Amino acid sequence: ICNTGIRQFPDLTQIFSLEAHFILELCDNLRMTIIPQNAFQGMNNESLTLKLYKNGFEDIHSHAFNGTKLNQLILKDNKNLRRIHNDALRGATGPDVLDISSTALESLPSYGLEAIQVLNATSSYSLKRLPPLDKFSSLLEAVLTYPSHCCAFRNLRTEKQNLLLSIFDNFSKECESTMRKPTHEMQDDSAERNTHPFGTDDESSPYSYPTIFDDSEVAGFDFEYDFCQPKVLTCTPEPDAFNPCEDILGYSFLRVLIWFINILAIAGNFTVLLVLLTSHYKLTVPRFLMCNLSFADFCMGLYLLLIAAVDAQTSGQYYNHAIDWQTGSGCSTAGFFTVFASELSVYTLTVITLERWHTITYAMQLDRKLRLRHAVPVMAFGWAFSVGIAVLPLLGVSSYMKVSICLPMDIETGLAQAYILLILALNVVAFVVICACYIKIYVAVQNPELVAANKDTKVAKRMAILIFTDFTCMAPISFFAISAAFKVPLITVTNSKILLVLFYPINSCANPFLYAIFTKAFRRDFFLLLSKLGCCKSRAELYRMNYFSAYNSNCKNGGTATAPSKASQALLLLSALEK
């Protein structure tokens, strides 16, 4: 019944065929929208093949296939088919083959899948989740849309193999214990049963299968077939290198570490932002830059928190959530956060370093001092640049959907490859600028004759820590990312997740401590804030007195000084590092 204008499903219950293999072909009936209950009941008592393709079906009702023995159920190319009732196959036997290719189905029925041996679901893009795997107890071949779904069947295959090995191990142990019996006992037992000790199928024999195994262990197994010719479940498409069969974070220890790291990044940077923004002291250029840096690193902490939360939620069943996560707004948001935070953090670190170099180099030239009106447009450009770089993958330049950790790893096109190389090149340039500036600062003030050794050492240690954290964060990421951008990957996606958790967020965790929390100025502001809440009032008063004493001393010295000495430059450098 093909290519008609029929609106209602035809009454097929008056067909009583005695054919052993009955085939019904119902196709290209675009006005037919539903398959009702008992639609095929009584047509045939033997094997039935239903070819119901390219129709206008939108819904298949409960018990639609009741009373049939289905061999093949072909529902492909029903573009509008969005729902098969959970009980649509109730009352039916089979099907052995189910084809739902090119449909809009979002889920499969929970009943009636046990007999399916071949499942074809290609181009079924709305089918993002599979029923519980134990429903596919007879499945031998699956042709699906998404590679992640094959991970589910790979795990299922492993479980079946482990069960077979367990049964075989029990069998071997029983044989071994039997062989230890004295020979005359085995002969007596054999004579009594008039059979070989290992050849009987008599359930009363101590050597029969029911004696060795429990019924629950051997249920569903054909020993001659399962042991000699084990069933192999084949599934396509196979998972690729970008999406291996694993959870988002892959390793168990990373699942624990990422929570400590993201909490540290979020708590540290939030504290810095809170203290700096609530301080009653004047908003200086270093404070303004530190606020920007803390916000960028706070966003990196949010990215790690989002990844950790989704990993915990989907642990053990990521294959059923992979499509929703990677193609949804969650992964896009996480990807935007990490690229925006990374680029804004690197940009702000570079500006902070240049500001320190400028402060030391032109310490006595007040007309060249950086003001807030200079820093605001510089950081406005940094924000615009970071937002632009993070938005590009959302507009089709590379993609956040390529991997489960939502980094822009898509390098299929030349434009995407250029995008990745641009980001990496800018990060390398920023690191070189930071190193060069700190080296120049140190060389400018390093003078054993005029600077106390302990002050010189303190400057060197502080600079070494700043450069080391930047290098630890940027070097491994840049090295492996550049090789991957040229399509010569030196590390797998699974191992790259170690870099993501252990190296990628180092700056976000360390920056609030190195640039703020460990400085005297921040501690002063922190205790002053606590004093407003009724805590640590005496400590806050001490910091307040020290601040005014230092301020008055600087004003007196500033009035008589005529030229910067190396010692004063070193002290000014330490002051800049403290800020």
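Glycine is treated like the rest: Cβ placed from N, Cα and C.
For reference, TrEMBL has these:
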- 179-205: region 'Disordered' (REGION)
- 179-195: compositional bias 'Basic and acidic residues' (COMPBIAS)
- 256-277: transmembrane segment (TRANSMEM)
- 268-515: domain 'G-protein coupled receptors family 1 profile' (DOMAIN)
- 289-310: transmembrane segment (TRANSMEM)
- 334-354: transmembrane segment (TRANSMEM)
- 375-396: transmembrane segment (TRANSMEM)
- 416-443: transmembrane segment (TRANSMEM)
- 464-486: transmembrane segment (TRANSMEM)
- 498-518: transmembrane segment (TRANSMEM)
So which of 289-310, 375-396, 416-443 has the most C-beta pairs under 8 Å when paired with the transmembrane segment (498-518)?
289-310
Take the domain 'G-protein coupled receptors family 1 profile' (268-515) and average the pLDDT across it for me.
82
Kindly say whether the transmembrane segment (416-443) and the transmembrane segment (334-354) touch, using the definition of 3 or more Cβ pairs under 8 Å where each pair is 6 or more positions apart.
yes
